[in-house]
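Following: one structure in structure tokens, then a few remarks.
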Amino acid sequence: MKVLALRHSVAQVYADTQTYLHDDSKDEYENAFLISNLTTHNILYLNYSLKTLKILNKSGIAAVEVQSLDELFALIRCNFTYDYENNIVYLHDYSYYTNNEIRTDQHWITKTDITEYLLPGWKLTYVGYNGKNTRGHYNFSFSCQNAATDDDIIVEYIYSNELDFQNFLLRKIKERMTTSLPIARLSNRVFRDKLFPSIMNIHKKVINVGPRNESMFTFLNFPTIKQFSNGAYIVKHTIKLKQEKWLGKRVSQFDIGQYKNMLNIVTTIYYYYNLYHSKPIIYMLGSAPSYWIHDIKQYSDFTFETWDPLDTPYSTIHHKELFFDKDVNKLRDNSVLYIDIRTDRKNIDWKEWRKIVEQQTVSNLNIAYKYLATGKAKVCCVKLTAMDLELPITAKLLHHPTTEVRSEFYAILDVWDIINIKRFIPKGVFYAFINNITTDNVFIQPPFKLKASPTDYIVALYALSNDFNSRQDVINLINKQKQSLITVRINNTFKDEPKVNFKNIYDWTFLPTDFELKDSVITSYDGCLGMFGLSISLSSKPTGNNHLFIINGTDKYYKLDQYANHMSISRRSHQIRFSESATSYSGYIFRDLSNNNFNLIGTNVENSVSGHVYNALIYYRYNYTFDLKRWIYLHSIGKVAVQGGRYYEHAPIELIYACRSAREFAILQDDLTVLRYANEIEEYINKVYSITYADDPNYFIGIKFNSIPYEYDVKVPHLTLGVLFISDNMIHDVVTVLKKMKTELFKTEISTSYTYMLSDNMYVANASGVLSTYFKLYNMFYRNHITFGQSRMFIPHITLSFSNKQTVRIESTRLKINSIYLRKIKGETVFDMSE
């Protein structure tokens with residue numbers, strides 16, 4: 001949902017939009033809670049409070065001040081990610097298609113012939129990093145830029161087996177227009193750009209697990225982050241290949257040689273980072289035109305020193321000349337060298353051309369070896385061709401996508417490779433490598449071993465759920481790692497499936513109860529964003545490829561109502577209750593009935609079950625932003641710091657009742673996942689609370705009334721406010737609690753309206769208005785380690801007779817309390833108090 005804050009109402013009516021007027025009788029937290037549970041996507045918030053907006057944003061719900069109709073229209077017509085700390089809106093708005101344009105944030109693409117393959121009459125527009133060049137389009141009170149681009153389509157095309165770009169583009173745009181927005185993927189770059197600077201400000205040693213190409217620019221400013229990926233393809237791996245011949249397959253209709261060079265350089269930079277943890281100088285031989293340097297410099301400042309007879313417009317220092325073997329001594333330490341020398345073929349006969357290429361390959365290798373032989377902190381990426389060749393067995397082979405699959409590939413060499421064993425590789429094996437293997441990641445670091453690292457902060461986004469990892473090892477890592485942000489795929493199946501298909505692999509699935517954590521927050525993508533200064537206008541879908549975000553060692557753990565909080569906890573319930581359910585009271589009725597409480601009078605105001613826990617369980621797919629286990633645990637240890645809102649402290653038994661209701665709901669819905677989740681949450685409640693039951697009680701608390709509006713034949717009709725199992729020396733403690741609660745007990749507004757047979761030969765009257773006081777009393781006794789209440793549901797009633805009677809219905813009648821007493825069962829009254 002998105003909350004757009006206005007000082008004045010607007011005449012225009014928008015679809016899926018609701019107006020909320022700030023309620024001055026409630027504080028900012030309660031207003032935020034009420035807003036978060038509204039069911040429309042767009043909320044126009046009038047007479048707004050800035051503090052309420054802040055509360056919503058910290059909860060991950062995008063809430064933006066709007067000063068004009070232009071701002072309102074821009075935000076209401078699309079989704080966005082909001083940097084609420086810096087007041088920047090990142091739109092995810094594809095309405096630019098109506099200008100017959102596609103967009104890119106990569107400059108090199110604009111220098112290709114891609115426009116020849118666009119839809120008829122369409123153009124390509126460069127919008128800069130995260131759309132920053134579009135800021136001039138929006139003269140708003142907040143900074144605004146449109147981060148939507150079509151780079152995902154272009155990159156997917158490059159890695160696909162399809163050649164017809166126009167058809168591919170058309171199909172993908174039609175898909176985009178007919179499917180829900182992949183909001184998490186679109187906002188992820190904004191998130192990473194906030195996440196890693198904030199982590200690096202606090203933690204010196206950071207590990208990042210499983211980065212992919214979409215993060216290739218994110219980490220350029222963080223050379224000390226240790227990356228782990230799927231490892232490199234090295235020369236010794238070619239032993240498994242059978243020899244093949246030249247294929248000559250075209251990969252892309254437009255020229256992507258620039259993209260290939262950029263990927264080679266970025267791969268080399270990250271390889272260097274993992275060895276030396278600092279930024280290198282980048283030397284390039286055969287550099288022209290390297291328009292992609294502009295893209296890298298948009299993200300991070302590097303020194304590019306280049307050699308080529310042709311211009312290299314974006315290099316820092318350019319030598320418009322050839323580079324020879326004798327020039328190697330010009331290259332300094334702490335650098336990477338990219339050798340991309342290849343003479344243009346022009347009209348040369350292919351046999352003659354082949355000789356030239358092989359000579360240049362040998363020359364390129366000689367330059368690489370000479371460069372690496374002296375000095376320190378050096379890495380080289382060198383262009384090679386398929387030919388009979390000796391290479392170090394540990395050399396890293398690269399084959400990033402290029403316009404045509406021909407004879408070209410690259411190798412990354414470091415100072416250790418050149419002193420390692422070399423292996424002779426025949427030309428046909430290199431062709432087999434070129435023809436069959438495409439390097440699909442600029443991160444070629446070794447795989448991560450699933451072991452905790454006490455001195456490091458571990459980030460693993462979308463990296464550990466794959467079933468080639470041991471599920472238990474993933475759980476152990478998360479349980480043991482003190483400082484981390486790790487995601488795992490949430491089990492949002494209905495059959496409690498332990499793993500699910502994703503593309504061509506399988507992912508393990510997880511529930512919050514799979515982990516045993518303290519000082520950790522388990523939330524959704526939205527909830528995680530709120531913890532790092534961002535909010536989002538569209539929540540994750542309840543089904544599909546969604547993840548739990550587990551933040552270990554966060555200083556926000558005890559800020560229960562600020563982050564990963566109960567905002568939107570009832571939103572799904574409201575959507576159901578006020579649309580398709582039998583009555584808007586359905587949830588209240590079901591919760592009482594499923595716990596054998598048949599007095600439904602006032603069920604919506606006096607419910608016997610925690611609605612928070614019940615909704616968090618049965619609708620967990622919609623509201624797992626709320627960290628239920630953390631909420632339960634902090635209540636159990638009495639460390640709930642609440643800044644505002646209408647706070648009600650649940651008795652532990654209310655939480656148990658909620659689990660029982662959720663369990664019955666799951667059985668009726670055939671939802672095996674909720675069934676397990678409810679069972680495990682109940683187990684967790686029993687683990688963190690020391691709940692004891694007076695199932696064999698020896699004392700009870702009774703309430704005597706001035707008068708009863710029914711006939712009775714018991715000596716003194718009374719309401720049993722609860723039973724206890726105590727030793728006689730604990731009577732004083734019980735009396736102390738009753739005295740503390742005296743005012744509240746006598747203020748309890750108890751009423752009755754009918755009689756019924758509670759069981760055979762037990763005729764009783766109902767008593768409404770009791771439960772809230774009962775649960776408060778329960779909490780007081782619990783904190784004082786006094787066993788109070790039974791394991792079965794407490795049903796307030798007034799015993800009238802021990803024989804069968806006809807039921808009676810009367811107008812609801814208020815009962816005046818005469819006295820409250822503590823009596824031994826089948827014994828004497830040991831304490832009595834009157835108002």
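Every residue gets a Cβ built from N, Cα and C, even glycine.
What Swiss-Prot lists as region 'N7-methyltransferase activity' is 171-245, 429-555, and the listing cites sequence analysis. Swiss-Prot lists 246-428 with the feature region '2'-O-methyltransferase activity'. Residues annotated as region 'GTase/RTPase activity' in Swiss-Prot, with sequence analysis given as evidence: 556-692. Annotation comment: Swiss-Prot describes 693-835 as region '2'-5'-phosphodiesterase activity', evidence class sequence analysis. Look at Swiss-Prot and you will find H718, T720, H797, T799 tagged as active site, for 2'-5'-phosphodiesterase activity, backed by sequence analysis.
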> Who sits close to T720 (active site, for 2'-5'-phosphodiesterase activity): which same-chain residues at least 6 apart have their Cβ under 8 Å from its Cβ?
Replying inline: F700, I701, G702, I703, H797, T799
>> Can you tell me how many other Cβ atoms are located within 10 Å of the Cβ belonging to H718 (active site, for 2'-5'-phosphodiesterase activity)?
In response: 21
> If you count the other Cβ atoms within 10 Å of each Cβ, which of the active-site residues H797, T799 comes out on top?
Replying inline: H797
> Any idea what the model's mean pLDDT is for the region 'GTase/RTPase activity' (556-692)?
Replying inline: 91
>> Across the region 'GTase/RTPase activity' (556-692), what are the DSSP residue counts per state (helix, strand, coil)?
In response: 71 helix, 0 strand, 66 coil
>> DSSP on the region 'N7-methyltransferase activity' (429-555): how many residues come out helix, how many strand, how many coil?
In response: 28 helix, 34 strand, 65 coil
